[in-house]
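A.B. asks: Below is one structure. I have some questions about it.
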Amino acid sequence: VLGLNITGVAPILGMLDVAFKEEGANAVQTLQTIPYFLLMVASILVGWLVTKISKRKIVSIGLLLIAFVGTSPLLIDSFSFVMISRVLVGFGFGIISPLNAAIISDFFDGKDRAALMGLHVTGMGIGSIFINIVGGILGNFGYQKYFLVHLIALAAFIIVIYQLPDTGAQTQSATQKLKLNKMVFELSLISFFHTLFITAFMTNIATHILQNLNGSSALTGIVTAVQGGFALLVGFNFSRISSALKRNTLPFAIFAAGLGYLSVIILPHNILGIIFGSACLGISLSCFMAQASYIISVSVPQISIALANGVFAVIGGIGGLLSPIIINNLTNNIFNNI
């Protein structure tokens, strides 16, 4: 389901641009990012909600919101209605996103917890691929049909109802207080810059391949697929990787990203250099997200895990949102001065 959040409406942005051409391209592109505003609110709010309502009920509410609000544009052909639905569906994603790591931490420890953190990242990647394929097929029958992909949240809802134990609301005590520590904010700050630069690569590499390498959209797809493939590979094997690297797992993730960027900088006109860079970034993204989630889960009280992951997701996400603005301004100023 979180793969649906990653994909958003990207597969039908071209169709939406045609359907709502009077709104302008910028307004249409906003449909892809607008859910993030309520997602940020919900991600922070959920840290308090777990002290009032059980995680099982919170996740169920979030999944139903995604399923029904997300599908609602199927009924009304209106830009304003689509915009409102996209805003509201962000609240649903904001509710369930921080709770994944919190629920894993409720039932698993040690290597099992690390392994499931890796599978969690893998699941998001597989979900994104699935949504792109199925959503693309549905989109062939009209942009409104694409929104049927949100019904996948109903399948997740059924699994939650029948398989997830209801542990009740968490209560604060002398040892379990709703608080964050320095580690959460340090990891969140690292995530801000990590996401900032990876987003810059993802949003610019297609243009670079098409304009400077005389490539095609198929070649761009291969580069993107390589990144996703290596991210999935790391996710499936994260338990082994973290066991081998131990405290060096997070530095390794940052090193892999640096190696990827270096490859693209040194070999900007060599497609093999770009593919190697894309593979390195896939490794870095999966390894960083899984290890950071694991570190957060063991560095704060159990009652604070949802809040900590919410803060981590919000600050990292802001890096992604600001990436085009920051990177474009930096490059324009640097190269204009040169």
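Heads up, the Cβ atoms here are built off N, Cα and C, so glycines get one too.
All annotation found in TrEMBL is predicted automatically rather than curated by experts.
Straight from TrEMBL, here's the annotation block:
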type	residues	note
DOMAIN	1-338	domain 'Major facilitator superfamily (MFS) profile'
TRANSMEM	34-51	transmembrane segment
TRANSMEM	58-76	transmembrane segment
TRANSMEM	82-104	transmembrane segment
TRANSMEM	116-141	transmembrane segment
TRANSMEM	147-164	transmembrane segment
TRANSMEM	184-206	transmembrane segment
TRANSMEM	218-238	transmembrane segment
TRANSMEM	250-268	transmembrane segment
TRANSMEM	274-296	transmembrane segment
TRANSMEM	303-327	transmembrane segment
A.B. asks: So, taking each listed stretch (58-76, 82-104, 218-238) in turn and counting its Cβ pairs to the transmembrane segment (274-296) that are under 8 angstroms, which one gives the highest count?
C.D. replies: 218-238
A.B. asks: Do the transmembrane segment (82-104) and the transmembrane segment (34-51) come together with 3 or more C-beta pairs under 8 Å, pairs six or more apart in sequence?
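C.D. replies: Yes; at least 3 Cβ pairs under 8 Å.
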A.B. asks: Where among 34-51, 58-76, 147-164, 184-206 do we find the most Cβ pairs under 8 Å to the transmembrane segment (218-238)?
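C.D. replies: The stretch with the most close Cβ contacts to the transmembrane segment (218-238) is 184-206.
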A.B. asks: Most CB pairs under 8 Å with the transmembrane segment (58-76): which of 34-51, 184-206, 250-268?
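C.D. replies: Comparing 34-51, 184-206, 250-268: 34-51 has the most Cβ pairs near the transmembrane segment (58-76).
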A.B. asks: Tell me if the transmembrane segment (303-327) touches the transmembrane segment (34-51). I count contact as 3 or more CB pairs below 8 A, with pairs 6 or more residues apart.
C.D. replies: yes
A.B. asks: Can you tell me which parts of the same chain pack against the transmembrane segment (147-164), counting only residues 6+ beyond its ends and a CB-CB cutoff under 8 A?
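C.D. replies: Here the qualifying positions are 1, 4, 55-56, 59-60, 63-64, 66-67, 69-74, 85, 89, 92, 103, 130-131, 134-135, 138.
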